[in-house]
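Feature annotations, reproduced from Swiss-Prot:
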- 1-21: compositional bias 'Polar residues' (COMPBIAS)
- 1-26: region 'Disordered' (REGION)
- Cys52: active site, thioimide intermediate (ACT_SITE)
- Asp59: active site, proton donor (ACT_SITE)
- Val74, Glu75, Ser76, His93, Glu94: substrate binding site (BINDING)
Amino acid sequence: MPNTDVSSLSMLGHQTETASSPEEAVLEKVPSNHAGTDYVVRFTAPEFTSLCPMTGQPDFAHIVIDYIPGEWLVESKSLKLFLHSFRNHGAFHEDCSIYIAKRIVELLDPKWLRIGAYWYPRGGIPIDVFWQTGKPPEGVWLPEQGVATYRGRG
């Protein structure tokens with residue numbers, strides 16, 4: 001099994017402050033040791049938090065990010081801190097969701113990526129945001145995201 005050189009990473013293995021905004025947050029990548037193999041990497045953030053840009057009240061989401069790597073993998077600690085940087089950031093649900101996906105695409109240039117952002121109700125209406133870069137490669141096992149549609153007490 002090949003070793004991955006992590007010497008260029010600034011966060012992994014170090015105490016790291018959370019960035020004050022998503023724009024300031026650093027996302028890092030590591031080389032994929034399986035660049036010629038199509039497989040799915042999934043990150044799930046069941047307690048994602050941001051702020052409503054109008055009221056400043058917290059918004060919560062269950063976010064699922066699936067991607068098929070090319071040459072690079074996202075370093076998970078940097079992703080965790082990037083997602084955490086939204087905690088005090090005011091933005092609409094759609095903006096947060098698409099910004100997260102596009103930052104990862106910009107960093108990695110993956111073969112394929114999708115995001116499912118399942119936002120808890122605001123004003124009595126849950127907002128779910130879905131985006132992907134295109135069709136996934138054929139023959140890849142792509143599990144459902146497994147997040148139930150919001151039902152409330154119904």
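A Cβ is built for glycine as well, from the same backbone N, Cα and C atoms used for every other residue.
This view paints the features noted in Swiss-Prot onto the structure.
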residue: Cys52; record: active site, thioimide intermediate; DSSP (3 states): coil
residue: Asp59; record: active site, proton donor; DSSP (3 states): strand
residue: Val74; record: substrate binding site; DSSP (3 states): strand
residue: His93; record: substrate binding site; DSSP (3 states): helix
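A gap of 8 Å separates the Cα atoms of Asp59 (active site, proton donor) and His93 (substrate binding site).
Here Val74 (substrate binding site) comes close to Leu27, Glu28, Lys29, Val41, Phe43, Tyr67, Ile104, Leu107, Leu108: these same-chain residues lie at least six apart in sequence, with C-beta atoms under 8 angstroms from its C-beta. Using a 10 Å Cβ-Cβ cutoff, Ser76 (substrate binding site) registers 14 neighbours.
Only His93, of the binding-site residues Glu75, Ser76, His93, Glu94, have a C-alpha within 10 angstroms of the C-alpha of Cys52 (active site, thioimide intermediate). The record assigns Val74, Glu75, Ser76, His93, Glu94 to the substrate binding site, and the maximum Cα to Cα distance across that set is 24 Å. Counting other Cβ atoms within 10 Å of each Cβ, the recorded positions Asp59, Glu75, Glu94 show the lowest value at Glu94. With the fewest other C-beta atoms within 10 Å around its C-beta, Cys52 stands out among the recorded positions Cys52, His93.
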